[in-house]
Ligand code: HGY
Ligand code: MN
Ligand code: MN
């Protein structure tokens, strides 16, 4: 079985679900594109001899029963959703890499001693609704219906309505995940480290902590011509001061602290009206919990001070607060050795992840490890996201080696 051609044909097929004319994908949770992708993936898994099943929210598993220790399962996968106008590799590569690696192992070595499972998680990005890791958080019984019951997407579509419309619903009983021995996620790096250092494989030792906010500022809409500057309560001016002040502070503190104002919605967003309201997002990350918490305090202080200066009211909604997470040391070692076997020790590097991943949820409950392949120009969350096929194949080969060691060796 040729890994490269298998992956390329699967990638072409699944990129078509939410595929954009200029390349890339928009495949948001519970959208038609998402539904078409997960149902086609189930069909593909079954065609390839996997026992495929959805859980209540739409996480999809494909299983190959082990011959000797079937109760011990080695799992690999990633998320099937994307950001708006994302690339074809973020998430999708990890799902397809797991499928291709397991297909290749089965073709070469027959049935494994331990069971193998491919996992396509319903959602990780938090791109449609203000809730991230819906797939993983249901997998580990963390997600609560009250967290999402009243949230809506940018078009006002209610979360539960979208989920039910796609044929899924809240879980009505807790999932049992005790049967999973290890979880390995393959992912694109989404940064420039591997490309800059000319390494083919990144062995991930830890994942940054993340805080995501939705902030609302309310001032006063008014006439752009007749309202003197001194009498304005301009929400966009307040936002601009907050964004500039926090960006300058983050630059002063330095890497790996990052802060991003990805979404800014002024109201009424009209050329001759002083904007009376603005809703904006903050995404803040650091590998060290204390540093992240310190900057969270800086964010609160800055919003309060600027709002007072500009005469606007503010509301801070911290809707995601994930701690930095270290990967399982012994599993990281297995990944490191597999990388050395496949690409050689000079072509792999131990590194933290600046992007959030499902593995940071998994790592709290089961031994988890990740491996990266390089991103061209470090670009991701962009339709031009790309990785050389040779590097993608190396990533699948390393995963295959890891899965062989975990599932086929005594
Ligand atoms: O935003 C992230 O770090 C991930 O790609 N969801
Ligand atoms: Mn992403
Ligand atoms: Mn991802």
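Easy rule for this one: first residue shown is 1, then count along the chain.
Cβ atoms here come from the backbone N, Cα and C positions, even for glycine.
Because TrEMBL annotations are produced automatically, they should be read as predictions rather than curated entries.
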Given TrEMBL lists 125, 381 for Zn(2+) 2, the same-site residue among 90, 169, 174: 90
Can you name the residues of this chain that are 6 or more positions from residue 285 (allantoate binding site) yet have a C-beta less than 8 Å from its C-beta? 208, 209, 210, 211, 256, 257, 258, 292, 354, 356
With an 8 Å cut-off on Cβ distance to the 79, 90, 187 Cβ center, who else from the chain surrounds the Zn(2+) 1 site? 78, 89, 91, 92, 93, 94, 124, 185, 188, 357, 358
Same-chain residues at least 6 apart in sequence whose Cβ lies under 8 Å from residue 90 (Zn(2+) 1 binding site): 82, 83, 187, 188, 190, 380, 381, 385
Write down the Cα-Cα distance for residue 212 (allantoate binding site) and residue 79 (Zn(2+) 1 binding site), rounded and given in Å. 19
Measuring Cα to Cα, how many Å separate residue 125 (Zn(2+) 2 binding site) from residue 272 (allantoate binding site)? 36
Quick note, residue 212 (allantoate binding site): same-chain residues at least 6 apart with CB under 8 Å of its CB -> 126, 130, 132, 281, 282, 283, 284, 318, 319, 320, 321
